[in-house]
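Features of the protein shown, as given by TrEMBL:
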- 32-53: transmembrane segment (TRANSMEM)
- 230-250: transmembrane segment (TRANSMEM)
- 257-275: transmembrane segment (TRANSMEM)
- 313-334: transmembrane segment (TRANSMEM)
- 354-377: transmembrane segment (TRANSMEM)
- 450-477: transmembrane segment (TRANSMEM)
- 498-520: transmembrane segment (TRANSMEM)
- 560-583: transmembrane segment (TRANSMEM)
- 595-619: transmembrane segment (TRANSMEM)
- 635-655: transmembrane segment (TRANSMEM)
Amino acid sequence: MEDERKNGAYGTPQKYDPTFKGPIYNRGCTDVICCVFLLLAIVGYVAVGIIAWTHGDPRKVIYPTDSRGEFCGQKGTKNENKPYLFYFNIVKCASPLVLLEFQCPTPQICVEKCPDRYLTYLNARSSRDFEYYKQFCVPGFKDNKGVAEVLRDGDCPAVLIPSKPLARRCFPAIHAHKGVLMVGNETTYEDGHGSRKNITDLVEGAKKANGVLEARQLAMRIFEDYTVSWYWIIIGLVIAMAMSLLFIILLRFLAGIMVWVMIIMVILVLGYGIFHCYMEYSRLRGEAGSDVSLVDLGFQTDFRVYLHLRQTWLAFMIILSILEVIIILLLIFLRKRILIAIALIKEASRAVGYVMCSLLYPLVTFFLLCLCIAYWASTAVFLSTSNEAVYKIFDDSSCSLTAKTCNPETFPSSNESRLCPNARCQFAFYGGESGYHRALLGLQIFNAFMFFWLANFVLALGQVTLAGAFASYYWALRKPDDLPAFPLFSAFGRALRYHTGSLAFGALILAIVQIIRVILEYLDQRLKAAENKFAKCLMTCLKCCFWCLEKFIKFLNRNAYIMIAIYGTNFCTSARNAFFLLMRNIIRVAVLDKVTDFLFLLGKLLIVGSVGILAFFFFTHRIRIVQDTAPPLNYYWVPILTVIVGSYLIAHGFFSVYGMCVDTLFLCFLEDLERNDGSAERPYFMSSTLKKLLNKTNKKAAES
């Protein structure tokens, strides 16, 4: 490896250039073709959004619609007094995805109330319950057909099942009326097409529907918790922001001390977590029901049940103990390299101190990402609600019009009805037969792809902007006197003016890999029911390979963007030069760059752990001073997890600036070593801190 580096296997080291003073200002546009492609893709994306907004109706997500597309319970319509949606054959709605999208392939009508008894059409017709039964038949139903014809034409459901309304939709209450449904598993009924089905299928479909019912109830309780705790969640996030900002400011002046305090605090926080889990584990010893295993308990929507099990606290204790041991071992083996990494963090602290506005740039990235997410989500909703009910002509005889589309309202008086007297216009499926409806799946994939592309572009813009600002600091010979005015704004302007194409190119490569991963996840879900072990193994290998590929591309892109910010070269040239530069200095990369990443991870864990513990004690009413202030909750883990996730995102936003600063200074440091030798004619641009760092790394290299 050392011989290959010396022989130029990874490119030629940079030569001394007396005119080089940092980021090049006299540069030209790069990867213009990719810039044009991005603009055309954005125009197409806007067109897709407009088309989706024209055809879709997001009210379908909230309000139910019958098979004719009419809303249930809407004022001013004929269904004003019919607020609930009734499915003729719930078996066809067994998939939770179908229930959530509200596009079940079975006739649906609006009703005043859900069924409250078990009836079959055959039994009801010859009893006094027939008038009750007819309210669940299609509007305008007339009892002038035989039983077989009614069920064949889909005028009435074959069976009524006791149901409960949920989100204005009637779902079977299988648990509440289990005795009724399970009377004789051999009981059968006729479905809407005259076939015979075992009622076991109906029970299974109803159970899956009730799974969605329980999930909805869980969602409603979580929503209630948010409504009463959002104020305290915001306070917790503000505390996390204040802690992150305070930590960054202290790093500016006390980098060495803060790093060691951070390391010790992380160990102590994890140690307290282990102690708390052990105390809870010991407290539950001997309590009734505490020895039930997690496997026997299964999934419960009330997560508080798990906290009454000893096995839960044992699992938490084992996980925290493993994490504690791993961190301690890493600290023992990396103790000398941590001292070197601290010097690099000190230099990064000075750079951030001179470009303080860089700490606010993550807010710009966050705002742009919110725009991308909002546009993607709204377009996805409009596309998913674009499907319409499709009706087909059915006839038992050899009618030439069979399987053609029809309108159920105008069909009785149409020419088709006269040509085929026995034909009937019957609901077939949800979708559409226009070019737009056939292209819906492709439009959804395009929507997801554009989201990945634009989101990666926004992240790339932030990385190039920060890299340009911090590179201006490094290549200033007299710091901070030679630092240009407004380095962050200058870097942002250069990135947009000259390198939009290069950023689009790097984001495009990453987006392609990410959309392939999404497709693989979709195929994996479809293959779960299959018993083909080879296909499952192949899918697992593909998912692993593309995961690794995505990580490598992110690493390569990040360093390529630093080179773009400094030299203004195109994406491919920048990626090659960055990769070769790192490979020529692979030992320093392992010693410094990754150790600083580990230290920043500990900083995030410290902030998240501290805020998480505070939120846990507050929302569980364990802080006596504010015991009565905490709101009553269904699940106290809802605000706690929200605070923890939000705290991590906030800490990641602040530390991402430091991370980009360290990576930029590190690449500039390596370039400086190749361009200059520290003499009076070719002086180093690095600060005295980095010169000490250089001496330490050279000493370690000599010892090894």
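Just so you know, glycine gets a Cβ as well, placed from its N, Cα and C.
TrEMBL labels come from automatic prediction, so no person has curated them.
Computed from a predicted structure; not experimentally measured.
Here the transmembrane segment (354-377) lies next to the transmembrane segment (635-655) in space: the count of CB pairs under 8 Å, restricted to residues six or more apart, reaches at least 3. When the stretches 230-250, 257-275, 313-334, 498-520 are ranked by Cβ pairs under 8 Å to the transmembrane segment (595-619), first place goes to 257-275. The stretches the transmembrane segment (498-520) and the transmembrane segment (313-334) do not meet in space: the count of Cβ pairs below 8 angstroms, excluding pairs fewer than 6 apart in sequence, stays at fewer than three. Residues 20-23, 38, 41-42, 45, 348, 350-351, 354-355, 358, 361-362, 364-365, 368-369, 372-373, 375-376, 483-484, 487-488, 490-492, 494-496, 499, 503-504, 506-508, 510-511, 514-515, 557-558, 561-562, 564-566, 657, 660-661, 663-665, 668-669, 672, 683, 685-686 of the same chain lie 6+ residues outside the transmembrane segment (450-477) yet bring a C-beta within less than 8 angstroms of a C-beta in it. Beyond the transmembrane segment (32-53), the same-chain residues lying 6 or more positions past its ends with a Cβ under 8 Å from any Cβ of the stretch are 375, 378-379, 382-383, 386, 436, 443, 446-447, 450, 453-454, 457, 500-502, 504-505, 508, 571.
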